[in-house]
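Asks: For reference, the structure I am asking about is given below.
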Amino acid sequence: MPYLHRSLRPQPQPVPRDARTVHSSGHSFEQLRQSCLQSGTLFEDADFPASNSSLFYSERPQVPFVWKRPGEIVENPEFILGGATRTDICQGELGDCWLLAAIASLTLNQKALARVVPQDQGFGSGYAGIFHFQFWQHSEWLDVVIDDRLPTFRDRLVFLHSADHNEFWSALLEKAYAKLNGSYEALKGGSAIEAMEDFTGGVAENFQIREAPEDFYEILEKALRRGSLLGCSIDTLNASESEARTPLGLIKGHAYTVTGLDQVNFHGQRIKLIRVRNPWGQVEWNGPWSDSSPEWRSMSLEEQKRLGHTALDDGEFWMAFEDFKTHFDKVEICNLTPDALEDNTLHKWEVTIHQGSWVRGSTAGGCRNFLDTFWTNPQIKLSLTERDEGQEGCTFLAALMQKDRRRLKRFGANMLTIGYAIYQCPDKDGHLNRDFFRYHASLARSKTFINLREVSGRFQLPPGDYILIPSTFEPHQEADFCLRIFSEKKAVTQDLDENIDIDLPELPKPTPQEEETEEERQFRALFRRIAGEDMEVSAEELEYVLNAVLQKKTALKFKRLSLLSCRNIISLMDTSGNGKMEFEEFRVFWDKLRYWMDLFLQFDVDKSGTMSSYELRTALKAAGFQLGSHLLQLIVLRYADENLQLDFDDYLNCLVRLENASRVFQCLSVKNKDFIHLNINEFINLTMNI
């Protein structure tokens, strides 16, 4: 039987108890409500105040808005009136049609709706001016608490509102979502699939209608039957076309909701229909099968009633599926499970989640087009061990989401262009270097790199080990990300970030004076001339000695070593604790310095006297310091310049402090354990000396 959504009055659902409350007080919704009831006050949310800061970040309201509680707007406010339905969603003076389309779709799935809109609240008994809504964010559910003060102008809600003026669940839901993202202005412009995922924790799937499979109608039918949320839109060629109205009443660049599918007999033919809703609550399709079109006159009243046909200008309309494919460009589906819509069976999916970051200078390597930095991206090992039932391969879905970009819009952040590539894993552990990607092609990749919040793809590969590389398209772009891997059989994933491993050589014994080289004899003469008979130099004197020697190294381009570097060198080599360096200590350090210079010259590929911060991981590893990404990020922040380059002085300073810290730890660790115990005095003493 064809599937058609119908409005059902929701049954009260228990409030989910695994959502984390988001409020600066640390108290739950119920604790805050009870506190207000006991004190006889109405809740005021200091985290999202009734002020312009909650409205806009780049402008001021053109007219003065007045924040009012529902009881100050109407005499008998209701939270939900006659069930939460798609007709409760009418767009206001905010360009968030994408959000409204998602909310309209949410009302078609009563179970999902009851999770997002808990029904333990209202304006009757227990009212305290406080409400809460739940949203999925990057692998967890958040319980967002708000007060019920809403922006109005002349006693009318300015933004989202219900067609029934005394119903407020949709307006309060919009406010909670605005709080989650920092302001109402942050909700301007977007994709319906973004909010759909936040309402369900589901998986996005996008279809370009002109490239859709032949059974596209059946795919949509199955999606609705499974409770998926569906949106659709018409592309624009330029900004001037945004929200332009076509002759047939459709709006370009505007988010619509798919609310139903059905088939009817019409003049001896079976016609496939699709029902679509405009969140404006008005402006509809005026072609065949529109509200007042002649096609309906040949349908019985019973059939019209079954299809829910009305001639009201409520924004919802039917159209022939063939017309839909002609006039719309894109369909977005948020599946509540990763099951393929082409598949008739449901599976139990295993899921693993990775939270990571692209950090400029260390892990923001860009796509494979940028070979010199691509290898520095986060690398995730995926082990597929079991074939799917009756299949030769292992099916999995990879969904890469960039985090918090909407909330960061006020700081100039936009959606980055993201994607991923999948490689066969070699028979070795550890972070793969540039040469691997130079000589190996990817086995699979995301369909495209695109500036959407999430990019997802479905793959089937033979059992084995693979490396998944999530990245932005361009290098040096920063963002946090969440990668979800869904697999039919249990898959093992591992972040290939390297563990800290320090390999320090034994300090060499002093060379007898009679065995010194000519260079060492020259050092001794220079050292004696600067230090005097005690043969000890201060940091200032060491600065003079090293710069005098290094300036003769024509292959090494640098201005000079800083006094800070020389102080750190003495801290590393000073065994007597007098703040000076003896000649034998200098000789030991000189051997070390020559090796470090050779490494620097090796990684100064353009002979500019600087090293790229992206090469630092390999350079430090060659020097005996295998470090994880987080520590590398801290080092880059401290030592790299604004162009992500390190000169020799920065490079040397970094190595000296790393070795000093490592040797101090070795001395203090008991039986070579991976931890030490320090009191506050010992800790400060150590940090001041490293």
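Backbone N, Cα and C define each Cβ position, glycine as well.
Because the structure is a prediction, the values reported are computed rather than measured.
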Asks: Among GLU140, GLU167, GLU174, which residue does Swiss-Prot annotate as binding Ca(2+) 1 together with LEU81, GLY83, ASP88?
Replies: GLU167
Asks: Swiss-Prot tags one of 1-24, 289-312 as region 'Disordered' - which one?
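Replies: Residues 1-24 are the ones Swiss-Prot records as region 'Disordered'.
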Asks: Using only C-alpha positions, which one of ASN278, ASP314, ASP604, ASP606, THR610 is spatially nearest ASN578 (Ca(2+) 3 binding site)? These are the recorded positions in the record.
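Replies: It is THR610, whose Cα lies nearest.
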Asks: When you measure from the Cβ of THR610 (Ca(2+) 4 binding site), which residues in the chain that are at least 6 apart have a Cβ under 8 Å away?
Replies: ASP604, GLN645, LEU646, ASP647
Asks: I need the CA-to-CA distance for ASP314 (Ca(2+) 2 binding site) versus ASN278 (active site), whole Å please.
Replies: 8
Asks: According to DSSP, does GLU284 (Ca(2+) 2 binding site) fall in a helix, a strand, or coil?
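Replies: SS state of GLU284 (Ca(2+) 2 binding site) = coil.
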Asks: I'd like to know which of these binding-site residues, GLU284, ASP574, ASP604, is least surrounded, judged by other CB atoms within 10 A.
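Replies: If we count Cβ atoms within 10 Å for the binding-site residues GLU284, ASP574, ASP604, the smallest count is at ASP574.
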Asks: Run through the Cβ atoms and count how many others sit within 10 Å of the one on GLU316 (Ca(2+) 2 binding site).
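Replies: Around the Cβ of GLU316 (Ca(2+) 2 binding site), 24 other Cβ atoms lie within 10 Å.
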Asks: Over all shown protein chains, what is the count of other CB atoms within 10 A of the CB belonging to LYS580 (Ca(2+) 3 binding site)?
Replies: 19
Asks: Check ASN578 (Ca(2+) 3 binding site) against DSSP and tell me helix, strand or coil, would you?
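Replies: Once the DSSP labels are grouped into three classes, ASN578 (Ca(2+) 3 binding site) ends up as coil.
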Asks: What does DSSP call GLU585 (Ca(2+) 3 binding site) in the simple three-state scheme?
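Replies: SS state of GLU585 (Ca(2+) 3 binding site) = helix.
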